[in-house]
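Here is what Swiss-Prot says about this protein:
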type	residues	note
BINDING	Leu20, Arg21, Gly62, Lys65, Thr66, Thr67, Glu128, Asp129, Phe130, Arg171, Tyr181, Arg218	ATP binding site
BINDING	Thr66	Mg(2+) binding site
BINDING	Arg291, Arg310, Arg315	DNA binding site
REGION	1-181	region 'Large ATPase domain (RuvB-L)'
REGION	182-252	region 'Small ATPAse domain (RuvB-S)'
REGION	255-333	region 'Head domain (RuvB-H)'
Amino acid sequence: MNDILNKEPMEEDYGIEKSLRPQFFNQYIGQDKVKEQLEIFIKAAKMREEVLDHVLLFGPPGLGKTTMAFVIANELGVNIKQTAGPAIEKPGDLVAILNELEPGDVLFIDEIHRMPMQVEEVLYSAMEDFYIDIMLGSGDGSRSVHLDLPPFTLVGATTRAGMLSNPLRARFGISSHMEYYQERDLEEIVKRTADIFEVEVIDNAALEIALRSRGTPRIANRLLKRVRDFAQIMGDGRVDKAITDKALSILDVDAAGLDYIDQKILRTMIEMYHGGPVGIGTLAVNIAEDRETVEDMYEPYLIQKGFLMRTKQGRKVTQRAYEHLGYVYNEED
């Protein structure tokens with residue numbers, strides 16, 4: 001995939017995303033349904049002087065799950081401790097993290113689906129009853145130690161909700177699905193980021209960047225950064241529609257936000273298989289990508305944009321994809 005359209009965080013994103021991160025719900029653009037629900041749950045918990053139920057945030061990468069976790073902590077007025085599933089390798093690692101929590105704190109675990117099962121099992125009692133029992137030592141000298149924990153809120157984030165075990169999923173009182181962003185929300189995000197970057201962006205340029213951002217704020221901000229570079233070197237520093245079109249064309253991002261591989265998938269299906277249906281494994285072999293990459297990185301956006309659909313027989317290209325790529329659509333195909 002064209003790196004600029006990769007939804008996973010790149011090294012250059014980390015510092016920028018932190019500086020752009022909204023602090024409270026009234027600064028957070030988009031995800032209105034999720035925000036509305038969480039605002040109610042948080043206000044109710046604060047009125048009862050209770051900790052907020054554990055929250056699961058799930059959805060594609062780049063949609064603001066980490067940002068939402070920090071907003072939740074800020075709205076609660078508590079501290080947040082951040083870690084990631086792969087970093088918690090053994091139960092002792094989890095115990096050390098839990099032991100640092102203060103009453104009411106938020107523990108944010110990104111990629112929670114990647115925690116080892118032995119760690120996950122220790123987390124069950126911590127989430128449900130705020131205690132853990134751990135074994136110290138080994139063999140005849142081993143002993144069980146009971147450790148009470150302060151009440152806390154676990155916020156888990158995952159791009160693979162289906163990989164969570166049923167016992168873990170059941171312990172989240174709140175589950176929030178983060179969806180792809182609408183263009184109008186992405187346009188507002190581009191404008192907000194431009195203000196922070198102190199770069200002038202003309203309205204139609206902000207919309208153009210939004211339209212090509214694959215419904216993902218991370219990509220919108222990354223595109224704005226690159227277009228800003230073109231505007232600085234090839235223009236007068238302002239990001240207008242003309243410089244935006246030129247920059248994104250050079251970056252191989254078309255009007256629908258498709259890159260070379262997206263187009264290759266659709267063209268291969270049209271030219272070799274008359275638009276499908278095609279099995280995902282066969283398709284992956286034909287474009288020299290592994291199946292998981294096609295399923296995780298390309299297919300969701302193509303389906304969301306109406307260029308691809310799943311059937312029992314396999315994947316099929318839609319009439320919209322034919323027209324977008326300049327092919328003549330034959331309904332018999």
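Each residue's number is its place along the chain shown, starting with 1.
Placed from the backbone N, Cα and C atoms, the Cβ positions cover glycine too.
Keep in mind the model is a prediction, meaning the values are calculated, not measured.
Features as recorded by Swiss-Prot, highlighted on the structure.
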residue : record           : DSSP class
Leu20   : ATP binding site : helix
Gly62   : ATP binding site : coil
Glu128  : ATP binding site : helix
Tyr181  : ATP binding site : coil
Arg291  : DNA binding site : helix
Arg310  : DNA binding site : strand
Arg315  : DNA binding site : strand
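Contacts of Phe130 (ATP binding site) defined by a Cβ separation under 8 A and a same-chain sequence distance of 6+ are given as Asp148, Leu149, Pro150, Pro151, Phe152, in order along the sequence. Maximum intra-site Cα distance, DNA binding residues Arg291, Arg310, Arg315: 15 Å. Largest Cα to Cα distance within the recorded ATP binders Leu20, Arg21, Gly62, Lys65, Thr66, Thr67, Glu128, Asp129, Phe130, Arg171, Tyr181, Arg218: about 37 Å as a whole number. Distance from the CA of Arg291 (DNA binding site) to the CA of Gly62 (ATP binding site) is 21 Å. The shortest Cα-Cα distance between Tyr181 (ATP binding site) and any of the binding-site residues Arg291, Arg310, Arg315 is the one to Arg310. Over all protein chains present, the Cβ of Arg315 (DNA binding site) has 23 other Cβ atoms lying within 10 Å. In this structure, the CA atom of Arg310 (DNA binding site) is 30 Å away from the CA atom of Thr66 (ATP binding site). Other than Arg291, Arg310, Arg315, the residues of this chain whose Cβ falls within 8 Å of the Cβ centroid of the DNA site are, in sequence order, Val278, Gly279, Ile280, Leu283, Val294, Glu295, Glu299, Gly314. A C-beta separation below 8 Å, combined with a sequence spacing of at least six in one chain, links Glu128 (ATP binding site) to Arg171. Rounded to a whole number, the distance between the Cα atoms of Arg315 (DNA binding site) and Leu20 (ATP binding site) is 38 Å. Put simply, Arg291 (DNA binding site) is 27 Å from Thr66 (ATP binding site) when counted between their Cα atoms.
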